[in-house]
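*Asks:* I'd like to ask you about the structure that follows.
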Amino acid sequence: MKNLPRITLAFASASLLGLTLLKADIKAPAVKISSDEFHNRLLRDETALPAGGQLQMSYANVVDKILPSVVTVFSYGEKAGKSQGGMPDLDRLPPGFREQFEEWFRQQQEEQGQDEEQPRQAPRRRGQGQQPQQRQAPQEKNLQPNGVGSGVIISPDGYILTNNHVVGDADKIETIVTINGSTRRYEAKVIGADPQTDVALIKIEGTGLPAAVIADSSKLRVGDVVLALGAPMELSRSVTQGIVSALGRSGMGIIGRRDMQGYEDFIQTDAAINPGNSGGPLVDALGRVIGINTAIYSRSGMNAGIGFSIPINLALRIAEDLTDDGAVSRGYLGILPADIDAETAKLWNLTDESGAIIKTVKKNSPAAKAGLQVGDVILSVSGQRIESASKLPVIVSNYKPGAEINLDIIREGKPMTKTAKLATLTPEILAGGEPNQEDDSAKTAPASASVGDILPGVTIQNLTPGTRERYEVPAEITGVVVTQIDPESRAAAMGVEEGDVITEVGRNPVRAVGEARQMAKDGSATTLLKVWRKGDTMLFMVGNK
């Protein structure tokens, strides 16, 4: 069977590595500073890389500069690291890679048996790279290793950037710092973590620590040389080299889940990133941090030349928020954007497919107050070009609540600019999402001559006093109401729901079933529906083929 590519977070499972527990000799601090104080402690060099020049034959001096700032991060939790029968829990590993180690452990059990109290070491190739040392298990609680990641020291007093998926589920975190050949162990404290960007800020107690110099990731160009550092497969202080393959990768599905918006704006690189590299720095040819290594795109779960790093500008913006109160504040506009395809560009008479079309404007939102409308095409936000719909929430979220942004839009072929004052993106807004569909069996459309199908699987009816009451449609709303929808239809897949009021078909207002059905039969490949739903206006483009 063909193995499909998959996104894998570059975090090495403890089950795979056969880790035993560390006992730290330095306790975690309880420190809190303001974001301004935090910012002042960073070492910044935001000059652009020199263009051209001769090919560099060695990066040893660059590595010597950055390597002391790179730490190995061990996370532990109370959840046992084994499943029933003594088999380690390998569920966090990607398919293919997971099966190989399941087979190895199974053979070990059959040949020798396995003591439940003494975890066995997974196989390792000896004689290559720096090998891990045995560590003693702490006595407190019953902590088991979650796995190994990496981090980078960004201030002399011990602030460290890493990934949320490295430390987010940990009950205990320890780091290994190596300076001039001397290795020290520190217990770390989580200052804050942001699952929506996969950034975490941790702190160890120390002074005079080797802080990395931080660059301006907005000045990166495709083709720039980069180095990835970290502890792949627990091989600490490892370095790989490549180039920036692409910038602004979004919509990858690496971060976020159904109940949580993820913000992706990745640097893509071919520098080798493997499990254990998560949280380690991506640096430029001068040794300045330009990203935090996060994930790989691979069929096997191992490096395939496609790795992703969080831009350091984004990571620091999150870290500065986390130092204040452990939480991140984001601007909220109140729209749902969609990509522009060839059919949409044709309908809107656009010259290309760049930008994002507004599908929904939330009522009483900053977008509504700014005069944005469903069907507007957003080309840029405060000078930042919008290449796709997935870029828009990333750009907006980088602004603080209360900030004013200028949106360059096209409306009915006319360019214009709207100014919106952003509100706060609250947990309630995040959790709200789209209104839930109600049980179709509870509502059946009454028999009526004013009922018909506008699209396959979509039954509509004229708005009457009865349907207005049933679907809670105000008197000022005109159109036709969706009374039945086949859950397997194209319209349902696009998000059309029972109770939606279709106010326009193909950008033409409708008031009755007959004219709505006639407008939908214009022979185009896509039917454009403008919909009112419980106070919000939405746009749906439903394919007819």
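Any Cβ shown, glycine's included, is placed from N, Cα and C.
So TrEMBL has the following annotated:
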- 1-24: signal peptide (SIGNAL)
- 106-148: region 'Disordered' (REGION)
- 128-139: compositional bias 'Low complexity' (COMPBIAS)
- H165, D198, G276, N277, S278: substrate binding site (BINDING)
- H165: active site, charge relay system (ACT_SITE)
- D198: active site, charge relay system (ACT_SITE)
- S278: active site, charge relay system (ACT_SITE)
- 329-413: domain 'PDZ' (DOMAIN)
*Asks:* Inside 10 Å of the Cβ of N277 (substrate binding site), count up the other Cβ atoms and send me the figure.
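*Replies:* Its Cβ has 34 other Cβ atoms within 10 Å.
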*Asks:* For H165 (substrate binding site), what is the secondary structure state per DSSP, taken as helix, strand or coil?
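*Replies:* It is helical.
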*Asks:* Is it possible to get the count of other C-beta atoms within 10 angstroms of the C-beta of D198 (substrate binding site)?
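*Replies:* So the Cβ neighbour count for D198 (substrate binding site) comes to 28.
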*Asks:* Give me the mean pLDDT over the domain 'PDZ' (329-413), rounded to a whole number.
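*Replies:* Taking every residue in the domain 'PDZ' (329-413) and averaging pLDDT yields 89.
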*Asks:* Is it possible to list how many residues within the domain 'PDZ' (329-413) are helical, extended or coil according to DSSP?
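*Replies:* Reading the DSSP string over the domain 'PDZ' (329-413) gives 18 helix, 27 strand, 40 coil.
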*Asks:* Would you mind checking how many other C-beta atoms are within 10 angstroms of the C-beta on G276 (substrate binding site)?
*Replies:* 29
*Asks:* So for S278 (substrate binding site), how many other CB atoms are inside 10 Å of its CB?
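*Replies:* Counting Cβ neighbours of S278 (substrate binding site) within 10 Å gives 33.
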*Asks:* According to DSSP, which kind of secondary structure is S278 (substrate binding site) found in, if we only use helix, strand and coil?
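*Replies:* SS state of S278 (substrate binding site) = coil.
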*Asks:* Quick one: largest C-alpha distance among H165, D198, G276, N277, S278, binding substrate per the record, in angstrom?
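*Replies:* Greatest Cα-Cα span of the listed binding residues: 15 Å.
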